[in-house]
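Beneath this line is the structure, given in structure tokens, with notes to follow.
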Amino acid sequence: MNTEASQDKTVSMTTGERLRQAREQLGLSQQAVAERLCLKMSTVRDIEEDNLSADLASTFVRGYIRSYAKLVRLPEDELLPMLAKQAPLKVAKVAPMQSFSLGKRRKKRDGWLMSFTWLIVFVVVGLTGAWWWQNHKAQQEEIVTMADQSSAQLSQNNEGQSVPLTDSNADNSAPLADNGSTPVDTGVAPQQSQTPAVSGSATAQQPAVVSPSQTTLPETTPAAPTAPLPTADAGVTAPAVDPNALVMEFSADCWLQVSDANGKTLYSGSQKSGGKLSLAGTAPYKLTIGAPAAVQIQYQGKPVDLSRFVKSNRVARLTVAAQ
């Protein structure tokens, strides 16, 4: 009778109660069990009170109970079937609510995270677009300003060059008038010298009339063709032999400004596609180019590298000097 009563009592006990009873029979405390099983004391307490968390996987629960049973010398075959009967009831009551709340919190957290991520993306895109627009606008304003300055300089240069042009024309017209009047005077002078010669002695005046005509004709004829030839040849060949010439070829319309070491503006204006420009001055040259991709520059037979300006798509400001 006592045996049957003890068996009924054992069957009615839960897994945690049987483990606690076996621990007390061996005289072990919960702290000692926790240290031997490398578990927290709260976990040992939850196992004995059958109050394991629903978040804990069943594999870990079975492992804890199996280790606890070996420690207190209880057969595992008796405890695990009892655990299978107890666990579904608790899990069925608690797990759905906890999983629902966890899923809801996770979705809420993911929603905030996605919103924050999209906000950062929009801010980065907006700042990038604003930065690009400011640079583009600044470049356009700079090109317009340089074009206005070049047009103003060209108008000033044209006004300054108008006076020398009129002076040169006046100077050119003056020698022409003198050259035209000289043969007239020489032609009249012999006639005036001949009239008194007829009234006097004709024989004495004849050599004087012939000698001026013979002496003036050789002087005037060679002077006209020989004088302009050296100046014309020198004006054509002088720029071609300048070693400091700056040669530029244009593949598209481009605005540029070039000045030499003395601060003299050699060129300021626009060039069309297919144009070629050769400038000579005192090195180093200072260049400002509105469209670096549209021009190829050679100096002393070597190309000038403009790739850094082409890649950044900005106005080129550089100094070209002898290497």
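Glycine is treated like the rest: Cβ placed from N, Cα and C.
The domain 'HTH cro/C1-type' annotation in Swiss-Prot covers 19-71.
Mean pLDDT of the predicted structure over the DNA-binding region (30-49): 87. Residues annotated as DNA-binding region in Swiss-Prot: 30-49.
For 112-132, the entry in Swiss-Prot reads transmembrane segment, with the evidence type sequence analysis.
Positions annotated as topological domain 'Periplasmic' by Swiss-Prot: 133-323.
For 149-236, the entry in Swiss-Prot reads region 'Disordered'.
Per Swiss-Prot, compositional bias 'Polar residues' is recorded for 149-172 (among others).
Residues annotated as compositional bias 'Polar residues' in Swiss-Prot: 179-214 (among others).
Summarising the annotation, Swiss-Prot assigns compositional bias 'Low complexity' to 215-234.
Sorting the DNA-binding region (30-49) by DSSP state (H, G, I as helix; E, B as strand; all else coil) yields 16 helix, 0 strand, 4 coil.
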